[in-house]
Amino acid sequence: MTNDDVLDEFRAAGALREGHFVLSSGLHSPIFLQKNLVFMRPQRCERLCKALAEKIIATVGQPDVAVSPAVGGIIPGYETARWLNVASIYVEREGGSFKFRRGFHLEPGQKVVMVEDIVTTGLSSRECIAAIQEAGGEVIAAACIVDRSGGKVDVGVPLVSLCSLEVPAYPADALPPELAAIPIEDPGSRRLRG
């Protein structure tokens, strides 16, 4: 599956948006990928995650388990794990850091692929990887549907992405004038508290 194939899935779902967005990282961007509109259709999610699973195996080999960060990584993590024929578990934020809960755990030395939806700065990926390593897992790779950094982000392990884009993202104090002139939308989820 090519970058264009992945973007076609986002376009078909109405999930490739243009405007002025505050991402969950806190950065501002003229492009937002509304992944939930993609993942709400099982057939679309299946196509993307099957291709991601194939790329994981071709790149780093077969993992023993897939671990994802809640909430955004749960659906692609589960579907990718299905195609890898491994268990899918996730970590949740507790006290500001990711922890294994709900009876989820790793066996020491298990080969783990960390599966995300979209990576921009890699913060959630690095935090999830740290939780996996703390629990005794061996992280053989991180994987995502879309890498918005164009391959520049460093998560500390190989990053396998189905689609790599170089999408501009800016701190609030360094916005280009054309982006600053557009009203802000804040679709990110990291700051939401239930």
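Along the chain as shown, the residues are counted starting at 1.
From the backbone N, Cα and C atoms, a Cβ is placed for every residue, glycine too.
According to Swiss-Prot:
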BINDING   Glu116, Asp117, Ile118, Val119, Thr120, Thr121, Gly122, Leu123, Ser124  5-phospho-alpha-D-ribose 1-diphosphate binding site
BINDING   Thr120, Arg148  orotate binding site
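It is 12 Å from the Cα atom of Glu116 (5-phospho-alpha-D-ribose 1-diphosphate binding site) to that of Arg148 (orotate binding site). Cα to Cα, Ile118 (5-phospho-alpha-D-ribose 1-diphosphate binding site) and Arg148 (orotate binding site) are separated by 7 Å.
Excluding the listed site residues Glu116, Asp117, Ile118, Val119, Thr120, Thr121, Gly122, Leu123, Ser124, the same chain places Ser25, Ser125, Cys144, Arg148, Val153 with Cβ atoms within 8 Å of the centre of the 5-phospho-alpha-D-ribose 1-diphosphate site Cβ atoms. Of the listed binding-site residues Thr120, Ser124, the Cβ environment within 10 Å is emptiest of other Cβ atoms at Thr120. When secondary structure is read from DSSP and collapsed to three states, Glu116 (5-phospho-alpha-D-ribose 1-diphosphate binding site) falls in the strand class. Long-range C-beta contacts of Gly122 (5-phospho-alpha-D-ribose 1-diphosphate binding site), restricted to its own chain and to partners at least six residues apart, with a cutoff below 8 Å, comprise Ser149, Val153, Asp154, Val155, Leu159. Secondary structure at Arg148 (orotate binding site), taken from DSSP and collapsed to helix, strand or coil, is coil. Glu116 (5-phospho-alpha-D-ribose 1-diphosphate binding site) is surrounded by 25 other CB atoms, counting those within 10 A of its CB over all protein chains shown. Put simply, Thr120 (5-phospho-alpha-D-ribose 1-diphosphate binding site) is 5 Å from Arg148 (orotate binding site) when counted between their Cα atoms.
A 10 Å cutoff on Cβ-Cβ distances gives Ile118 (5-phospho-alpha-D-ribose 1-diphosphate binding site) a total of 22 other Cβ atoms nearby, all chains included. Taken residue by residue with DSSP, Ser124 (5-phospho-alpha-D-ribose 1-diphosphate binding site) is part of a helix. Of all the Cβ atoms in the protein chains shown, 27 others lie within 10 Å of the Cβ of Arg148 (orotate binding site).
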